[in-house]
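I have placed the structure first, in the form of structure tokens, so that the comments after it can refer back to it.
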Amino acid sequence: MEHSASDSETEDHVQPLLRRKDTGNNQKGSRTLTMNAYYVFIKIYNFDPYNVFLAIAKNIPQRLKTGFVLQGHIFSSMSQQASVYDWDSETQGWILGSFFYGYILTQIPGGYLARKYGAKWLFGIGILCTVIFTLLTPVAADLGAGYLIAVRVLEGIGEGVSYPAMHAMWASWAPPLERSRLLTISYTGAQLGTVVALPLSGQICFYLDWTYVFYIFGAVGLHWFVLWAYFVSNSPSLHKRISEDEKTYIMASLKNELSPTTDYIPWTSILKSLPLWAIVVAHFSYNWTFYTLLTLLPTYMNDILGFSIQQNGMLSALPYLGCWLLALLGGQLADLLREKYLIRTVIVRKAFTIVGMVGPAVFLVAAGYTGCNYVLAIAFLTLSSSLGGVSASGFNINHLDIAPSYAGILLGITNSFATIPGMVGPVIARSLTKSNTIPEWQIVFYISAAINIFGAVFFTIFGKGTLQPWAVQRIHIR
């Protein structure tokens, strides 16, 4: 007799705990599950601004004598005490990219360690390291660009374990029919963090100085770490405040999906898995557009559209607000389709990936033909970014569908490839827009759109929604 992987598509559709109407312990249990999502959400909410470095430069307009550049947005400051630095564009490029060089190093090790030893402390300590180095950023900047680059690399190393660890933790916490809504609740903090941090950082810099951006967010990060250490557990079986109903429900829903041992990792089967490579291609493609827009959109708005982001901070955050909103709604809809209408997981994942990648491609190309009409351009770019949020319930969480036991490792692999666009995409885009003309930007948008569509097509052809045979170790009973 042998214990083998079960097909989550054929399991009984038991009503998820979060949607039950019972009173008593079930309500208490559902709060435990949502609180876990909440604390992961708070983490991303606090630290997304650190993924895009605050490059402080002296070569800014003279009228902004004291200021800094955030994601390409120039903010002035009332304070005359803030330091400014005379770094050339090449140095600034190294500073901006240094985070990713550290970030890519700990993706796969992060997934492996989370699988082997549990995700709670790996995740928490990784973020704590990011907090510490964030607080040290102003000091490092004063010491010189080399010190700042080193701090940014170390931040990336700490932050690199976060997403693989989160995926590994959700593998033990998220019932199959609730994965879309729980993961989108937690992961969409990245978009909301940008929405809040961008205008807030501008205000902090204007009324204080740029160093307080790091100090204030760093202090909030320390507070988050205390909450994380106290409230979160690696699994339902280790949680001290979970109800028996919720514990039984979660563990029963995952009993045929998780490998019974943490010692065995089928590396060969993982690397030969075509469904995994479908996620890799989709993840790489999506991030190409994401990082290109994240780093160069401000330049496009300022130089081509003549749009002042400092004066319209909230408007500039609309793309991220839309992405956050549609990702949340998409998570609810995805699980509703699977739970109530019994639509197969693979169909849901592919449909949401197509909408979340082809839709942005269409509106991104359209934005290149708006001329200098910044209202229409922002509308198209907002639609492009917003529709991208739909993919959060597509390829983005497909790792948990095909191999929940190894979800952290799988995300480490896909995110390693998906980090490459953050290093090379903006560089290529800059090289294509040396003259900052509309035709040059149209080329950039066409390239990003084509890569997005290719990723969607590849995932649609080769993606899967069921537990793969190698994902649960077979145990032979003699």
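Note: Cβ is positioned from N, Cα and C throughout, glycine not excepted.
All annotation found in TrEMBL is predicted automatically rather than curated by experts.
Remember, predicted model here, so these are calculated numbers, not experimental data.
According to TrEMBL, the compositional bias 'Basic and acidic residues' annotation covers 1-23.
Summarising the annotation, TrEMBL assigns domain 'Major facilitator superfamily (MFS) profile' to 51-467.
Taken from TrEMBL, the feature region 'Disordered' covers 1-26.
Positions annotated as transmembrane segment by TrEMBL: 94-114 (among others).
For 121-141 (among others), the entry in TrEMBL reads transmembrane segment. Counting only same-chain residues 6+ beyond the ends of the transmembrane segment (121-141), those with a CB under 8 A from a CB of the stretch are 43, 47, 50, 54, 56, 83, 85, 106, 110, 113-114, 147-148, 150-152, 154-155, 157-162, 165-166, 169, 210-211, 214-215, 217-218, 221-222, 224-225, 228-229, 232.
According to TrEMBL, the transmembrane segment annotation covers 212-232 (among others).
Annotated transmembrane segment per TrEMBL: 274-297 (among others), in sequence order.
Summarising the annotation, TrEMBL assigns transmembrane segment to 317-334 (among others). Sequence-distant contacts of the transmembrane segment (317-334) (same chain, six or more residues past either end, CB-CB distance under 8 Å): 180-185, 187-188, 191-192, 194-195, 198-199, 293, 297, 348, 352, 356, 378, 381-390, 392-393.
Listed by sequence, the residues of this chain that lie at least six past the ends of the transmembrane segment (407-429) yet keep a Cβ under 8 A from its Cβ atoms are 93, 97, 100-101, 103-104, 107-112, 114-115, 119, 163-165, 167-168, 170-171, 265, 270, 276, 279-280, 283-284, 286-288, 290-292, 295-296, 399-400, 444, 447-448. Under the heading transmembrane segment, TrEMBL lists 407-429 (among others).
If you look up TrEMBL, you'll see 441-462 (among others) marked as transmembrane segment. Sequence-distant contacts of the transmembrane segment (441-462) (same chain, six or more residues past either end, CB-CB distance under 8 Å): 274-275, 277-279, 281-286, 288-289, 292-293, 296, 300, 304, 350, 353-354, 357-358, 360-362, 364-365, 367-369, 394-395, 425, 428-429, 432-433.
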